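Each remark here refers to the structure printed beneath this line.
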Amino acid sequence: MATEYDLVILGGGTGGYVAAIRAAQLGLKTAVVEKEKLGGTCLHKGCIPSKALLRSAEIYATVKRSEEFGITVSDAALNFAKVQERKEKIVSQLHKGVQHLMKKGKIDVYEGKGRILGPSIFSPLPGTISVEMNSGCDNEMLIPKNVLLATGSRPRTLPGLDIDGEYVLTSDEALVFKELPSSIIIVGGGVIGVEWASMLTDFGVSVTILEYAERILPTEDAEISKEMERLFKKKGIQVNTGAKVLPETLQKENGVTITAMINEKLCEFQGDKLLLSVGRQANVEGIGLENTDVVLENGVIKTNEYYQTKESHIYAIGDCIGGIQLAHVASHEGMTAVEHLAGVMPHLLDYSLIPSCVYSHPEAAKVGFTEAEAIAKGYKVKIGKFSFRAIGKALVFGESDGFVKIVANAENDDVLGVHMIGPNVTDLISEAGLARVLDATPWEIAHSIHPHPSLSEIMGEAALAVDGKAIHG
Ligand code: FAD
Ligand code: NAD
């Protein structure tokens, strides 16, 4: 017995479940096939649990400096089991929310592993999907008019650094730590490496970063990487850049030892554990792509701007198509794909308008081009930069490190990029995102009145600084 659908979505992560809701809103009979839990990486192994841990770490670090605020706390102690319990509670609450949204949208959820079997006599395009049910019941057969692949990604590993769950871990294993190690080596100083380095340091763990590139956060503006490295060193994190890790030197006995080549010297590092954070790999295996004409390029599914694969009724979105692997990107791609297949002309995504954030302490955030990218694209740029040190609310917060940098087009005043490091910048970046969408100039940003005292005043000052007119700088 097979069930027919307008749309079957493989993967109920952020991309998949948001696409399902949009499809239901558009009147499509929709099913989601999810082999683990609705909410996917973001809800269960990524954004939410990591930010819950980061928040506890931040509170712990703040309590430890409470004397600065005139408050004496004599017995601040970390109860890591409670920290994990709080994280689980938040995840579970949001998981229930997603399940409720599926019911509300009358979206059928199949708990199992989905696979495209290819065209059948019932449905030549795109064919049948079989679901190997987690319950062990017989496979379900689904016959969709359209398929959306939203199977996400998993941690990339390095040959020779096999994940054993005890000594060598990825963020998946680290998220469920029962107790904290006393020291850790983090291989990869990108977003995950930096967030975990910050969190573990704030929890009191001794952290060493080994980053292959010449700077941590190598895709951020160079000045942001430099400031993050400076502030990380101030926190006591050992930051090693230009580090070529030699997996064959890994030794595991009461901890790990590994050697890296840095500036042509062999340097040995020791820690209780090693966390590997060297990027993510698309989940494209075992989903039946061999039964389709879908094309893979560099390990990710190739699509056009409407997220159609080479088979026009099979769409793909989110981490499994590579590009910017973020939750808000996956969900917007999902909505765009669904609107297109439903015959509604979607608004295409402009990837240069997408903000991205790093939730370390300090936080970092950006939208648009870095200064180097803008110059490489041929723009003549002018820069406005303003420090949190001159922002009253930052001093009140006790968080005055960091700055905002605006990269503007010197010829027509367009804002090309905004880069931030400091307190609450993962929220402040939304103003810069809106400014980019509305094509606002620095003058317009500065003349949108920012309340005093607020951290947002820094946007107005950085915008004035583009033309050398900052008031407090
Ligand atoms: P996923 O969320 O990975 O969902 C894919 C789903 O498909 C999974 O649930 C999987 O079980 C399911 N699946 C796979 N194959 C099958 C199959 N054959 N049948 C059925 N189901 C299948 N992004 C942000 O924007 N902000 C953050 O703060 C952030 N923090 C992160 C922190 C960490 C530690 C990590 C690892 C990632 C973080 N990300 C963050 C990235 C974000 O989690 C991903 O970009 C996002 O989850 C991608 O959504 P997706 O729907 O494409 O894939
Ligand atoms: P990443 O691409 O951000 O960083 C990987 C880092 O590892 C890079 O700096 C790279 O130079 C380095 N590297 C690669 N090979 C190496 C080697 N052999 N030795 C040492 N360093 C090496 O990837 P990630 O940090 O693993 O994160 C994965 C994805 O998850 C990213 O795409 C990111 O967007 C997403 N994510 C987002 C957030 C957020 O939005 N706050 C948080 C966590 C993860």
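Backbone N, Cα and C atoms are what each Cβ position is placed from, and that goes for glycine too.
Nobody curates TrEMBL annotations by hand; they come from automatic prediction.
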Per TrEMBL, member of G112, G114, G190 binding FAD alongside K51, T151, G152, S153, D319: G114
According to TrEMBL, which candidate in E173, E211, E264, E297 joins G188, G189, G190, V191, I192, G193, V194, E195, G279 at the NAD(+) site: E211
Nearest of the recorded positions (C47, V194, E211, H452) to G114 (FAD binding site) - Cα to Cα: C47
Which of G114, G152, G188, G190, the listed binding-site residues, has fewest other Cβ atoms within 10 Å: G190
Cα separation, I192 (NAD(+) binding site) to K51 (FAD binding site) (Å, whole number): 11
Neighbour tally for C47 (disulfide bond), based on other Cβ positions within 10 Å of its Cβ: 19
Of the recorded positions listed as C42, G188, E211, the one whose CA lies nearest the CA of S153 (FAD binding site): C42
